[in-house]
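A.B. asks: These came from TrEMBL, pasted as-is:
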type: TRANSMEM; residues: 54-76; note: transmembrane segment
type: TRANSMEM; residues: 96-122; note: transmembrane segment
type: TRANSMEM; residues: 142-162; note: transmembrane segment
type: TRANSMEM; residues: 168-188; note: transmembrane segment
type: TRANSMEM; residues: 257-277; note: transmembrane segment
type: TRANSMEM; residues: 289-315; note: transmembrane segment
type: TRANSMEM; residues: 350-369; note: transmembrane segment
type: TRANSMEM; residues: 381-400; note: transmembrane segment
Amino acid sequence: MCAADNPQSWVLCPQCDLTVKLPAVPIGSRARCPRCHTTLTANWHEPQKRPTGYAFAALFMLVLANLFPFVNMHVAGLSSEISLPEIPNVMVREDYSSLATLFLLFVQGIPAFCMVTIILLVNRIRMPHHLRLVLARILFQLRNWGMAEIFMAGVLVSFVKLMAYGELGLGISFWAWCLFCVLQLRAFQVVDRRWVWQQIAPLPALPHAPKAGISGLQHGMKRCSCCTAILPVAQNHCSRCGVVVHARRPHSLQWTLALLVTSLLLYLPSNIMPIMVTETLGTQYPSNIMAGVILLWSDGSWPVALVIFIASIMVPSLKMLAIGWLCWDASGRGQHDSEKMHLVYEVVEFVGRWSMIDVFVIAVLSALVRMGRLMSVYPAPGALLFALVVILTMFAALAFDPRLTWDRVRKTERKEPRLDGQSSGHC
Ligand SMILES: [Zn+2]
Ligand SMILES: [Zn+2]
């Protein structure tokens with residue numbers, strides 16, 4: 001097979017659908033799309049050992065984080081100590097099983113599942129071929145839904161909120177959790193999707209000779225969103241991973257707008273209704289997001305007030321505006337500036353899940369601040385509505401097909417992919 005027909009040498013960019021001919025990628029480097037700069041593939045040193053090492057270490061830290069005390073608090077002679085498994089327990093006791101489920105799923109379940117799956121897949125552990133395909137399909141889709149590091153940010157914000165009321169102490173589990181966050185991010189970083197799929201099954205042959213510099217759709221090809229294989233436009237199912245493949249997500253704009261409108265409908269009540277109730281000396285004070293920000297600001301904790309304001313008010317509002325703008329532009333009404341719209345899309349994709357900080361702050365506060373009538377914190381319905389707004393906007397961003405913003409660009413001038421060295425690639 002000549003290099004021009006070798007399916008390993010060609011890739012369709014997942015974000016802009018540009019056909020790119022891959023050069024030999026040196027170890028420790030990654031190739032980026034010449035048009036939208038998305039990472040197309042990475043050639044990692046020890047692609048099997050490194051993800052395995054990081055994933056095993058992350059799982060070990062996760063177990064440690066669940067075994068010991070996480071944080072403690074002392075107020076006026078009373079003390080309270082929590083471990084990680086107690087956080088969802090308290091929520092269930094307060095009739096917020098829904099929030100407990102979200103916590104278990106996003107903070108512990110998904111990251112743990114991903115670590116186990118990475119170990120199974122990169123080491124080619126013996127299992128039925130169908131199961132291997134299912135695990136590989138799920139692994140890369142779940143990547144954005146693991147929120148261990150966002151929970152960590154929520155814990156830090158809770159600390160600053162509580163510092164004025166009492167003395168706080170960190171348990172062994174807190175440090176184990178910090179390490180878990182770093183290790184699980186690193187394990188994901190050193191896994192290359194193309195390499196993992198190549199271990200499962202070889203790429204199918206190219207439908208015909210590709211042409212660099214134009215979109216896949218322009219010469220009758222489409223990319224499998226799951227395993228990255230290049231397929232003819234007329235083929236419905238991927239011959240490597242078996243999923244249904246679309247050249248563009250069907251009804252992408254309609255789905256995105258429907259999810260956006262639903263999140264908008266929930267956004268207003270989630271900002272008006274209380275997200276938590278603070279009980280001090282027998283009196284209950286319900287507070288919504290804005291009231292919490294104002295209270296922090298007036299207490300002098302303006303950096304935390306700013307973090308909560310940006311994460312909980314500014315980011316969700318701007319994100320909804322940005323998704324609406326992307327849909328409007330992709331429907332052909334915009335200024336046809338694909339690069340600018342792509343930047344908007346990347347920002348929306350990156351920042352969206354960070355709005356969950358406030359939900360995790362409530363989770364930590366309601367588990368830790370349990371000192372009876374002296375001082376207690378309970379979750380309130382606004383927190384659940386706000387969590388749903390964040391999840392729905394994440395689904396809206398997922399439903400949007402970024403390739404639509406590039407479809408009006410007929411030809412790109414620079415055809416060679418950019419190679420970026422990764423300083424830590426050899427360590
Ligand atoms: Zn691209
Ligand atoms: Zn596939």
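Keep in mind that glycine also has a Cβ here, set from the backbone N, Cα and C atoms.
Annotations in TrEMBL come from automatic prediction, not curation.
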A.B. asks: Which bits of the chain, at least 6 residues beyond where the transmembrane segment (96-122) starts or stops, bring a Cβ under 8 A of a Cβ in it?
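C.D. replies: Those are 47-48, 51-52, 55-56, 58-59, 62, 66, 84, 87-89, 132, 135-136, 138-139, 142-143, 145-148, 151, 180, 184, 187-188, 191, 196, 199-200, 356, 359-360, 362-363, 379, 383-384, 387, 391, in sequence order.
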A.B. asks: Rank 54-76, 350-369, 381-400 by Cβ pairs under 8 Å to the transmembrane segment (142-162) and hand me the top one.
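C.D. replies: The stretch with the most contacts is 350-369.
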A.B. asks: Taking the transmembrane segment (381-400) as reference, which of 54-76, 168-188, 257-277, 289-315 has the most Cβ pairs under 8 angstroms?
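C.D. replies: Comparing 54-76, 168-188, 257-277, 289-315: 257-277 has the most Cβ pairs near the transmembrane segment (381-400).
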